[in-house]
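Features of the protein shown, as given by TrEMBL:
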- 1-20: compositional bias 'Low complexity' (COMPBIAS)
- 1-66: region 'Disordered' (REGION)
- 26-38: compositional bias 'Polar residues' (COMPBIAS)
- 86-169: domain 'Thiamine pyrophosphate enzyme N-terminal TPP-binding' (DOMAIN)
- 220-315: domain 'Thiamine pyrophosphate enzyme central' (DOMAIN)
- 365-520: domain 'Thiamine pyrophosphate enzyme TPP-binding' (DOMAIN)
Amino acid sequence: MAATSSNPTFSTFSPPSSTAKPLKQHFSTLPFPQNPHSTLRYRPLHISSSLSPPPPKPPSAVKTAAPALTASEHFVSKFAPDEPRKGADVLVEALEREGVTNVFAYPGGASLEIHQALTRCSKIRNVLPRHEQGGVFAAEGYARATGRVGVCIATSGPGATNLETPIVEVTCSITKHNYLVLDVEDIARIVKEAFYLANSGRLGPVLIDVPKDVQQQLVMPNWNSPNHEHLEQIVRELSLHMLGKHGTVYANYVVDKADLLLAFGVRFDDRVTGKLEAFASRAKIVHIDIDSAEIGKNKQPHVSICADIKVALHGLNKVLEKRVEKMSFDFSEWRDELLEIAIPPQYAIRLLDELTGVNAIVSTGVGQHQMWAAQHYKYNNPRQWLSSSGLGAMGFGLPAAMGAAVGRPELVVVDIDGDGSFIMNVQELATIKVQNLPVKIMILNNQHLGMVVQWEDRFYKANRAHTYLGNPSKTETIFPDMLKFAEACDIPAARVTKVADLRAAIQKMLDTPGPYLLDVIVPHQEHVLPMIPSGGAFKDTINEGDGRTKY
């Protein structure tokens, strides 16, 4: 995220949605007159100018006091009636008007004014992360779990670069739009635009860069919940579960043999397609996406449709109404095959699925545990699954769960994590304790970077290349001791090593009020199956073997 030595960064994250809202014009009444003479209303952020100091003001021979404000010109702070309104006040007011009730903000010298305004605002709660990266992941978890825009705020310099590193020339490619605020009178309008852009078309992040001098500058005078019933019926009856590298065999089989593939809002990334030219090679592909830039980017379709999925589905229904014969599919026998697999890490997730009634919000880090959580937890509702499925950011799980717990306090929130991913943002245990967030943490701890170990086993003759995370001099002990991290933050914790004790341990975790950490020790020899090797096709699917097998 963009920042300067004197500029904090304020970033909004919007959640993914299966039915993005159509574009429409928004108008709002601002609490001050717009400046018709301003030549720099807003602009995409230019890093070079952002990193430079502000231009010097013209010299003045004599310093004169500013004229006193008249009664009609005097704007006082909404949050401090005895103080004048500043740019930071306008920013917080604008967030209020957008319905923001929670932000994830880490303070610093360049963002002091914003934090001062937040302390005086009774409607917005700040959840203080222990690292800016934890703040941005928490905002994303909040957005995914609630369907509302998640807001994170950081200070300048390393604070902002921790949100997104490296910063130079990056924000243009990773945000839908970015703003550099140059005039206090632009703040309210820019915030309104930023929220509109974040929620329009293909949802995504928008960045607002607010210089400290603008924060200090004095101010002079429907979304409707979709009906999921029919979609849920389709998923129950027709879903073949996850597709791709670690997807189910039958999902990959169907795509490989299909003569028609309808692709709604997909990217055709390599973890799904494998060998691109072999993916759905027999099928006519219809790619439907609200973002025209995604169509044909990786896989060239035979038919491309740029549209809101809801509109496209209505159109397809009209086409199908003309068909005389009815189509009938029964995949129940194929789906039942998945239930026969029961090896330790998968079993832990199966038990969690059973004991939570499949209604928990689940976040994950990145690695084997992520794939197992995708395969073996039965997600019944939208916004239950929070995972860094694009860039694959280790350390995502814990802060994402933190954000989800803030946004959906009525639901059980569980971070299914690996020991490698968990340790990357372990400091957020302190935030969870201080905020008393009832996040349940289940670590599948194999003392290794499990996914890399799996590749070493399969393709490098099990030669270990820096993938052991324990203490080499004491391999018989669990290191680091996750229970001591929890103890340091006054969070109850337990470790389980035997399958026979697992059910009771998970139940205790769920029954304990507040946060809880459960360290589940699993063997590092387990592999995520099925598996299609990188660059492979369906015919290359691996269905058997693990780290105990010689290849």
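Glycine is no exception: its Cβ is also placed from the backbone N, Cα and C atoms.
The helix, strand and coil residue counts that DSSP assigns across the domain 'Thiamine pyrophosphate enzyme central' (220-315) are 36 helix, 15 strand, 45 coil. Secondary structure of the domain 'Thiamine pyrophosphate enzyme N-terminal TPP-binding' (86-169) per DSSP (helix as H, G, I; strand as E, B; remaining residues coil): 41 helix, 12 strand, 31 coil.
Within the model, the domain 'Thiamine pyrophosphate enzyme N-terminal TPP-binding' (86-169) carries an average pLDDT of 84.
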